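As written in Swiss-Prot, here are the features:
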BINDING   Gly124, Ser125, Asp126, Gly127, Lys128, Thr129, Thr130  ATP binding site
Amino acid sequence: MKRNFDDFKQFIKCKKIGVVGIGISNKPLIDFLLKLGARVSAFDKKSPDEIGEVARELKEKNVDLVLGEKYLNDLSDFDIIFKTPSMRIDSPAFVKAKEKGAYITSEMEEFIRYCPAKIYGVTGSDGKTTTTTLMYNILKKQGYKSWIGGNIGTPLFSEVEEITPDDRVVIELSSFQLMTMNISPEVAVITNVSPNHLDIHKDMEEYIMAKKNIFKYQSNSDLLVLNKDNELTNSMTGEALGKVRQFSIKEKLNKGGYLNKDSLCIDGDEVCKLSEIKLKGMHNVENLLAAFCALKDDVNIESMREIATTFSGVEHRCEFVREINGVKYYNDSIASSPTRTLAGLKAFEKPVILIAGGYDKKIPFDILAEEGYSKIKTLVLMGATKYKIKEAFENLELKKHVHIPIIMANSLVEAVNSARKVSCRGDVVTLSPACASFDMFANFEIRGNMFKEIVNDM
């Protein structure tokens with residue numbers, strides 16, 4: 001049930017608020033809370049030097065700063081605490097604060113609660129950003145004033161008073177954001193579910209339960225969009241509280257989105273031909289079908305077709321960088337899981353030179369070896385997981401007698417140079433790490449941009 005934002009303004013006024021994490025979304029949140037008359041303290045593990053100019057700005061606004069390794073030692077005596085998404089609600093500091101009466105929430109939870117416009121929420125292990133961006137563009141093409149946020153775009157809560165009931169909002173939601181949510185968007189999309197983020201979640205069951213929160217609190221008039229081809233998402237149909245619309249690239253559906261030979265269809269109507277779309281790979285066909293299903297009630301076929309046949313993708317997602325001496329280089333830095341890397345590999349017509357490896361999210365790489373070996377010509381490994389991935393391919397060789405040449409590298413520069421040395425005219429080199437970036441880079445964007453710099457400097 002949507003609430004009037006005036007209620008929040010009354011609720012927040014003169015309250016003592018703690019904001020944990022001074023990041024991309026929380027800086028605008030702090031400014032917004034101050035504007036509404038709250039007393040704000042900001043907490044972050046970083047030192048004043050690491051935060052830099054932002055720390056000085058916040059102090060000038062009379063925000064109390066608690067910084068450094070012991071920043072969570074005292075969260076007591078706060079009325080409300082806004083936490084950063086990746087922090088677990090069951091951490092001792094939050095448990096203690098809750099016991100003392102604090103209301104613990106997040107920027108995105110409060111946005112969904114008070115946003116007056118229809119919200120389309122998108123989650124999944126892979127394909128979230130592309131699907132979210134497609135939906136945003138289709139809605140804009142239809143003529144709606146549209147907003148995009150959550151894991152991508154700009155923080156939205158500070159803009160909530162600018163949004164009207166006639167607008168449309170598309171948000172990308174991670175499992176971290178969903179873990180503590182007790183409110184769901186009117187339209188919920190789950191692109192797929194496979195093992196991911198098991199470095200943060202206790203186990204796969206907790207990860208799946210977090211994803212389910214996107215529809216757990218829907219009403220009977222709301223919509224849930226699910227991937228029929230994914231075993232885990234298909235099994236969720238019986239748990240839906242509202243309407244369900246599915247999509248499939250494997251079978252024709254009476255209702256929903258599907259691939260019929262070379263046509264992308266929704267509810268029996270052709271949207272466009274497979275040959276007309278610019279996005280590479282069948283995983284992107286799934287993303288398009290998911291977007292069609294989510295928007296079927298609000299847009300026409302023409303708007304879907306226009307975006308489907310002109311949208312060329314989001315940066316760092318199977319992004320063509322350059323061709324050098326007949327070798328094509330692609331940046332797929334977003335691929336932070338084995339399943340996402342597999343989807344990228346399947347977009348190419350022949351085996352590629354794959355650069356992989358990075359931060360260990362505690363997920364297995366057996367699936368990458370067993371389902372990806374036929375798409376890999378040479379494997380160049382780097383980062384914290386390079387030996388773990390190497391072991392998966394060595395096990396494959398023992399089991400199936402399939403040998404994939406493996407090169408070990410100590411940096412991205414070394415990995416790219418190694419890939420170049422073994423490449424020949426007609427080859428494809430792709431950075432598709434199957435891992436997060438945090439062992440070597442602050443985020444996947446920096447990793448992808450460095451890859452592009454290295455390639456463009458060759």
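Keep in mind that glycine also has a Cβ here, set from the backbone N, Cα and C atoms.
When Cβ atoms from all protein chains are considered, those within 10 Å of Lys128 (ATP binding site) total 26, not counting its own. Sequence-distant contacts of Gly124 (ATP binding site), defined by Cβ-Cβ distance under 8 angstroms and a gap of at least six in the same chain, are Thr131, Val189, Ile190, Thr191, Asn192, Val193, Lys211, Asn227, Thr233. Residue with the densest Cβ environment among the binding-site residues Asp126, Thr129: Asp126, by other Cβ atoms within 10 Å. Within 10 Å of the Cβ of Ser125 (ATP binding site) there are 23 other Cβ atoms, across all protein chains. All protein chains considered, the CB of Thr130 (ATP binding site) has 26 other CB atoms within 10 Å. If you draw a 10 Å sphere around the CB of Gly127 (ATP binding site), it holds 26 other CB atoms from the protein chains shown.
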